[in-house]
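Over in Swiss-Prot, the protein carries these features:
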- 14-34: transmembrane segment (TRANSMEM)
- 59-79: transmembrane segment (TRANSMEM)
- 95-115: transmembrane segment (TRANSMEM)
- 125-145: transmembrane segment (TRANSMEM)
- 154-174: transmembrane segment (TRANSMEM)
- 179-199: transmembrane segment (TRANSMEM)
- 213-233: transmembrane segment (TRANSMEM)
- 254-274: transmembrane segment (TRANSMEM)
- 292-312: transmembrane segment (TRANSMEM)
- 328-348: transmembrane segment (TRANSMEM)
- 363-383: transmembrane segment (TRANSMEM)
Amino acid sequence: MTNIIRQFLRQEAAGGLILIIAAAIALLMANSALQGVYQSFLDIPVSIKIASLDISKPLLLWINDGLMAVFFLMVGLEVKRELMEGSLAGRDKAVFPAIAALGGMLAPALIYLLFNGADEVTRQGWAIPAATDIAFALGVMALLGNRVPTGLKVFLLALAIIDDLGVIIIIALFYTQQVSLQSLGIAAAAIALLAYMNWRGVGKTSAYLLVGLVLWVCILKSGVHATLAGVIVGFMIPLHTQDQRSPSESLEHGLHPWVAYLILPLFAFANAGVSLQGVSLSGLTSLLPMGIATGLFIGKPLGIFTFSWLAVKLGIAKLPDAINFKQIFAVSVLCGIGFTMSIFIASLAFEGTDIALTTYSKLGILLGSTTAAVVGYSLLRLVLPARRKAVNVR
């Protein structure tokens, strides 16, 4: 294993721990006398004005829509590399996480509807447990450092990306009140330009990032989740150029410390502050939060593992290299960490209704996601091989 990969894995393990600490601090602040300070920090207005372009948002949205697009850019780079040359290379391996993601969206939604399908209002939240928070899931997995095989980590990344894309489509179709077709049209033109640059073998990373910035602004203005731009740019940057350079690998390596030590911990701090004020035991065990929690903790692994197992047994797909079904099940439990994406859907689903619905939705998400994180981490510790000792390379 090269020194670069060892350094990357060390960054991940440390970054995962920092992410968990940041989330814990946010939860404590949101339920203490510091709640006002915490909320004021997230509400700091940040504006960018360039000519006719004017983007004004609170700091929370800049973190979620802006900094997280950088995270998704890095994820896109890594998944593309594994699809082209790594553990997901080949159609039968590449289709495996896609089928798993489909099961991971269907089963939680159906379980939620078993609890809440009879109520016209709470039925609107059917997509809440369908989401996976890729940042938190990756952060929990990172706590295990180099015990995690590359193929298993990439399976989680690919599955979560497809899951997020599915959720973005669900939001656009069912929860978005207004979509700007003009902005989407310009975004489509930017994607076409990125594809042309890739086809022509343009190796300048800065050129892709510049067009990617335009793409991000257009998707943001369109009403669709702006982090989608990061994934698209990541897939468009060439893996290799004619002079044998790898713009993709260079950018990926450069982004890792920023993502591990700054972006993900800041994201965790900004989104984990769920207030528990005014919560009662009877409300916590009502159909809405229990449907969400059960959908995340039971529905996610049930759907992902069942669809994965069937896909392999029916010959539709193959397991990634050096991965077994015990590990797949452990990761499928970890995918029950819905957290921020689920909270976002809940805020859209119950917008304009009783505020208690949003509050108890968040509690269900917190309960299901925390349980999935603890159990998923424990299962991974059991099924993964012993920690590999680092070897110094001079």
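The backbone N, Cα and C atoms fix where each Cβ goes, glycine too.
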If you count CB pairs under 8 A between the transmembrane segment (292-312) and each of 14-34, 59-79, 95-115, 179-199, 213-233, the winner is 95-115
In the same chain, which residue numbers or ranges, 6 or more beyond the ends of the transmembrane segment (179-199), come under 8 angstroms Cβ to Cβ?
172, 207-208, 211-212, 214-215, 218-219, 221-224, 229, 232-233, 236-238
Could you pull out which residues elsewhere in the chain have a CB under 8 Å from any CB of the transmembrane segment (328-348), counting only those six or more residues past its ends?
64, 100, 104, 125, 127-133, 135-137, 140-141, 152, 155-156, 159-160, 163-164, 167, 170-171, 175-176, 267, 271-272, 274, 292, 296-297, 299-301, 304-305, 308, 319, 358, 361-362, 365-366, 368-369, 371-373, 375-377, 379-380, 382-384
Could you check if the transmembrane segment (213-233) is in contact with the transmembrane segment (59-79), meaning 3+ Cβ pairs under 8 Å among residue pairs at least 6 apart in sequence?
yes
Would you say the transmembrane segment (125-145) and the transmembrane segment (154-174) are touching, if the rule is that at least three C-beta pairs must lie under 8 angstroms and be 6 or more residues apart?
yes
Are the transmembrane segment (59-79) and the transmembrane segment (254-274) close enough to be called in contact, which here means at least 3 C-beta pairs under 8 A that are separated by 6 or more residues?
yes
So which of 95-115, 254-274, 363-383 has the most C-beta pairs under 8 Å when paired with the transmembrane segment (14-34)?
254-274
Give residue numbers and ranges for long-range contacts of the transmembrane segment (363-383): same chain, 6 or more residues beyond its ends, CB-CB under 8 A.
128-129, 133, 136-137, 140-141, 143-144, 148, 274, 276, 279, 283-284, 288-297, 300, 324, 326-327, 329-331, 333-339, 342-343, 346
